[in-house]
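Participant: Sharing a structure below in structure tokens format, with a few things to ask.
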Amino acid sequence: KFIRHKDESFYECGQSIGYQQYCVDACQAHGSKEKGYCKAMAPFGLPGGCYCPKLPSNRVKMCFGALESKCA
């Protein structure tokens, strides 16, 4: 259901409708008790990603491509 990045440090989300729900679902599946959301990752040289609050590790789950501007 969720696509792992090649380094397995985060989930990627494809350019599909409902990417915001994907972020919510991916974070929930990863153990986050709070709602995940999209945020910009440009300062880190990465595409937009899903942020999962209050997780000790793997806090960022990625979006990419056309979705990046929507993740700001």
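From the backbone N, Cα and C atoms, a Cβ is placed for every residue, glycine too.
Predicted, not measured: the structure shown is a model, and the values here were computed from it.
From Swiss-Prot, here are the annotated features:
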- 1-72: domain 'LCN-type CS-alpha/beta' (DOMAIN)
- CYS13-CYS38: disulfide bond (DISULFID)
- CYS23-CYS50: disulfide bond (DISULFID)
- CYS27-CYS52: disulfide bond (DISULFID)
- CYS63-CYS71: disulfide bond (DISULFID)
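Please go over these features one by one and say how buried each is and what sits next to it.
Facilitator: Around CYS50 (disulfide bond), a 10 Å sphere centred on its CB holds 31 further CB atoms from the protein chains shown.
Cβ neighbour count for CYS52 (disulfide bond) (all protein chains, 10 Å cutoff from its Cβ): 27.
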Participant: Return the count of C-beta atoms lying within 10 angstroms of the C-beta of CYS23 (disulfide bond), excluding that atom itself.
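Facilitator: For CYS23 (disulfide bond), the count of other Cβ atoms within 10 Å is 27.
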Participant: Compute the C-alpha separation of CYS52 (disulfide bond) from CYS23 (disulfide bond), stating it in Å without decimals.
Facilitator: 8
Participant: How many neighbouring Cβ atoms, not counting its own, are there within 10 Å of the Cβ of CYS27 (disulfide bond)?
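Facilitator: Taking every protein chain into account, the count is 26.
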Participant: In the three-state scheme derived from DSSP, which category covers CYS27 (disulfide bond)?
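Facilitator: DSSP assigns CYS27 (disulfide bond) to helix.
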